[in-house]
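Only one structure is covered here, and it is reproduced in the block below.
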Amino acid sequence: DVPSVESIVSSKVGKMIPRRSVDIVVAGDSNCGKTSLITTLVSSIFPESVPKVLQQVRVPPEETPDHIALSITDTSSAEADRLMTLKQVSNADVIVLVYSVDEPLTFERVRTYWLPEIIKVFHGSIVVVGNKSDLVGKPDDRSEELRNRVEPLLNNFRQIDACWECSAKLNINVSEVFSLAQQAVVYPISPLFDTQTLELQPKFKTALRRVFRIFDQDRDGVLSDIELNDFQETCFGARLQPSDIEDVKAVLQSEGPDRVSSFGVTFTGFLSIHKKFIQRNRTETSWLVLRQFGYDDTLNLQVPEHVLEFEQTSTGIRDRSVELTDNALTFFADLFHLFDEDKDQALSPDELERLFCICPGGVAPWTAARARLRGSRAGTSTNNSTSIPADVALQSVHLGPPNSVLADINDFPSGVRTNSRGFVTLAGCLAEWS
């Protein structure tokens with residue numbers, strides 16, 4: 001287990017999310033308990049009789065863990081109402097697709113009818129729910145059966161975020177079902193984790209690599225106990241006890257020798273920690289980290305607009321001269337030596353690629369490729385009016401040649417000091433940064 005984080009994260013997560021409501025649509029065959037599921041959620045009492053279709057239900061934000069209002073729409077499974085149901089599905093934020101665990105045909109129709117129909121009109125997250133679990137054996141006795149049942153669904157339909165079982169009659173896991181649906185929207189798993197390969201998404205790894213570098217203050221490629229605690233306090237508001245850190249490292253060590261070194265937690269170990277959170281349905285933990293460091297829901301880095309504000313003078317910005325501070329020079333020199341893995345006092349193309357892999361687009365700031373990336377992202381906007389995408393920010397503060405000129409000149413490191421092999425030296429790197 002990864003101690004401490006989960007116990008303290010919930011109080012801070014809600015503050016990071018601008019979303020105010022989530023629209024949930026409940027679909028599936030008749031007599032699977034769709035309406036009873038909604039009624040049990042809002043009243044905690046199983047209804048003996050229910051209408052064919054329930055009117056839309058609203059759950060106020062003060063009654064949900066993340067203080068986000070829920071709008072829950074029941075749907076008809078009648079063929080005559082098919083178009084209306086699909087229209088409701090298309091307008092949803094997330095779908096709860098219900099089958100009856102005691103009726104195998106209803107599960108088969110999830111695979112052959114409902115999922116194919118839904119994904120034609122809906123591109124968001126789907127939570128597949130087996131209701132009436134009180135009519136079959138205990139989940140522990142059927143775990144292998146459940147795994148064999150849902151794995152083909154997860155392999156064939158990427159939009160499925162979770163498969164769950166519940167009992168509306170006994171009010172077992174009912175609130176958990178709708179909590180999963182809400183989390184699928186507020187803390188989506190698909191940008192973070194591939195449910196088919198069971199691996200972290202490449203873009204998520206890149207974002208975590210940037211976060212890892214930020215806390216690797218001594219730039220030795222591992223997070224020491226102090227650096228790990230700085231990460232913990234910055235993201236979750238509390239520090240780990242020494243025994244907790246040792247527990248974390250012991251778990252990582254048991255998974256493989258590349259996750260922990262004698263100096264601390266490696267980047268591979270850092271990735272493993274986040275993979276554990278996701279596998280335990282704690283995606284909010286990773287999203288808190290990402291949003292703390294400026295990533296939006298598509299894992300694009302956002303830059304606060306205020307960092308682009310320059311004090312204007314009568315002669316304008318172009319008549320100013322700027323230079324790196326001593327601290328900046330030390331930082332860039334340390335960065336150079338960290339990525340000079342063969343210690344030849346120069347950065348090869350491969351070493352440069354590893355250095356800049358965390359940048360938007362994975363390319364250096366001064367290359368023709370970056371200029372083309374700027375041009376392709378021109379006009380990009382975001383719903384958050386106080387920040388802009390990092391690529392747009394780079395375009396906004398670009399004070400050198402225009403992109404049309406930059407795209408035609410030789411790429412970095414051409415034009416700066418290199419060694420006899422054409423690899424950029426420290427002096428060349430510092431000159432380019434300056």
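Backbone N, Cα and C define each Cβ position, glycine as well.
Copied from TrEMBL, the annotated features are:
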DOMAIN    19-187  domain 'Miro'
DOMAIN    203-238  domain 'EF-hand'
DOMAIN    327-362  domain 'EF-hand'
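Sequence-distant contacts of the domain 'EF-hand' (203-238), counting only residues of its own chain at least 6 positions beyond either end whose CB sits under 8 Å from a CB of the stretch, comprise 4-5, 8-9, 11-12, 191-193, 245, 248, 261, 263-267, 270-271, 274, 286, 288-290, 292-293, 295, 299, 301, 334-335, 338, 357-358, 362. Taking the domain 'EF-hand' (203-238) as a whole, pLDDT averages 93 in the prediction. The domain 'EF-hand' (203-238): residue composition by secondary structure is 25 helix, 2 strand, 9 coil, according to DSSP. Break the domain 'EF-hand' (327-362) down by DSSP state and the numbers are 24 helix, 2 strand, 10 coil.
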